[in-house]
Amino acid sequence: MAVKNIVAVDLGASSGRVMLATFHTATQHLTLKEIHRFSNTLVFQDNHHQWDLVALERDILTGLQQIDAMGIAPDSIGVDSWGVDYVLLDKNGQRVGLPYSYRDHRTDGVMAAVTAELGREAIYQHTGIQFLPFNTLYQLKALCDAPPDDLDKVEHLLMIPDYFHYRLTGNLVCEYTNASTTQLLNLEKKTWDGELLDYLGVPRRWLSDPVQPGHAVGNWTAPSGRQIPVTAVATHDTASAVVGAPLQSRDSAYLSSGTWSLMGIESDTPFNSPQALAANITNEGGVDDTYRVLKNIMGLWLLQRVCQERDIKDLGTLIQSATTLPAFVSLINPNDDRFINPPSMHQAIRDYCREHGQPVPQSDAELARCIFDSLALLYRQVVLELGELRHAPIRQLHIVGGGSQNAFLNQLCADVCQIPVLAGPVEASTLGNIGCQLMALGAVTDLAAFRHMLTHNFPLHRYTPRAESDFAGHWRRFQALSQPETAPQGKKETTQ
């Protein structure tokens, strides 16, 4: 019986993992084994928030070397990560400059200046990408407007997963789904937008033409001497998460729930109408020539920060305490600028509630309840916006990722959105990464077959909406808070 061993390196904005999948082609049985899990934390150095790429590479190699020591020769390796962030290389392939994080404040005010100069409508018609102040477009504008002394040494720009593929193989490849997050890819041509690059002053030699998921990057030489193929998967973690979401129909929306919440639909065509622009909808690249028509939501970053600041270790107890409190007492707009990276998240939430004349949450449980209620209401808003764009209602929501383990938030989402919710699998990004590799190897015929296989290997949990008698008033309150929408400052992830 043919067996495929696949390695997925899944890098998130707060953690990473090296996972080994074993797929039996005859029985369609897929198992996952976690080889190495590690943290990914921002480093504040030289007055900027940066990624510790050296530590990430060390952890990636630790996982791969452990697999090699087990005597396993994987059929393929693939890396996915968050979007928008990049690495600059010189002609010798050495890093140039700092590996900035999207949460760094160097882009503050840049998006406003660029859109004032070029016009939101023109940028959106070119790219179809939502306006987020940390998009690569604005990161590069900040870089080129205040160029470091060594900028003239730059020969190549790689997105984060492309950089690690390069470190494994020595080959420079730019993958499409992550490239689409930059707001520099032409929506129609699916290649770099020359006008935007010229505006920034970015030489075109920095950027190679994007390749589609499934592209063979090269080989990694393992300590044993084995040559292991490396495949460009859907390298944006959300793109992989969508592959790993067993959507049941085109009337289903997905919600990749983690540090960021990313909600959207799969579409054969992009949506870049004035209505889509007004809703700040993005059209990121997907697999099989699809578009991920979606919206970024601040997500569980809010809760993660509160737990960190308040030294909360027992998340289960916190959630249980929140369930006992009255609903919708204090509400925030999770996508308000102030929540991207405040000095104190719990204080930012309290200040917001105070400024809007609401009860100020004091206890940890009250803060959590405020976050959960507000996220569910924002999910409802995006579900309605997506339905209006496609001229057909969303009939089911599929939640994947780490946040899909939060049964309370899942049920709250079903209740507020008034549609059934399916939750799982948890490791959707990892599974989507694996799916891209299996399809590239011909072990799975297509995306539909892969998703069908997932439903037989990973249990899904269904949440049926319940009626809320006094919901209309809470919904009006939230709409007042969220209009006009303020886009989140500063990802990312999730992510984005």
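We number each residue from 1, going along the chain as drawn.
Cβ atoms here come from the backbone N, Cα and C positions, even for glycine.
Feature annotations, courtesy of Swiss-Prot:
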ACT_SITE  Asp237  active site, proton acceptor
BINDING   Ala13, Ser14, Ser15, Gly16, Arg17, Thr259, Gln304, Gly402  ATP binding site
BINDING   Gly83, His236, Asp237, Thr238, Asn296  substrate binding site
DISULFID  Cys353-Cys370  disulfide bond
DISULFID  Cys413-Cys417  disulfide bond
Pick the one among the recorded positions Ala13, Cys370, Cys413, Cys417 whose Cβ has the fewest other Cβ atoms within 10 Å in this structure.
Cys417
Cβ neighbours within 10 Å, counted over all protein chains: which one of the binding-site residues Gly16, Gly83, Gly402 has the most?
Gly83
Nearest of the recorded positions to Cys370 (disulfide bond) by CA-CA distance, picking from Gly16, Asp237, Thr259, Gln304, Gly402?
Gln304
If we check Cα distances from Ser15 (ATP binding site), which of the recorded positions His236, Asp237, Asn296, Cys353, Cys417 wins as closest?
Asp237
Sparsest-packed among the binding-site residues, when each Cβ's other Cβ atoms within 10 Å are tallied, from Ser14, Thr238:
Ser14
Other than its own, how many Cβ atoms are within 10 Å of the Cβ belonging to Arg17 (ATP binding site)?
21
So among Arg17, Gly83, Gln304, Gly402, Cys413, all listed as recorded positions, which is physically nearest to Asp237 (active site, proton acceptor)? Use the C-alpha atoms.
Gly83
Could you state the CA-to-CA distance between Cys417 (disulfide bond) and Arg17 (ATP binding site) to the nearest Å?
32
Could you tally the C-beta atoms, other than its own, that fall within 10 angstroms of the C-beta of Asp237 (active site, proton acceptor)?
37
If you measure Gly402 (ATP binding site) to Cys353 (disulfide bond) at Cα, how many Å is it?
28
Rounded to the nearest Å, what's the C-alpha distance separating Gly83 (substrate binding site) and Gly16 (ATP binding site)? Just drop the number here, would you?
14
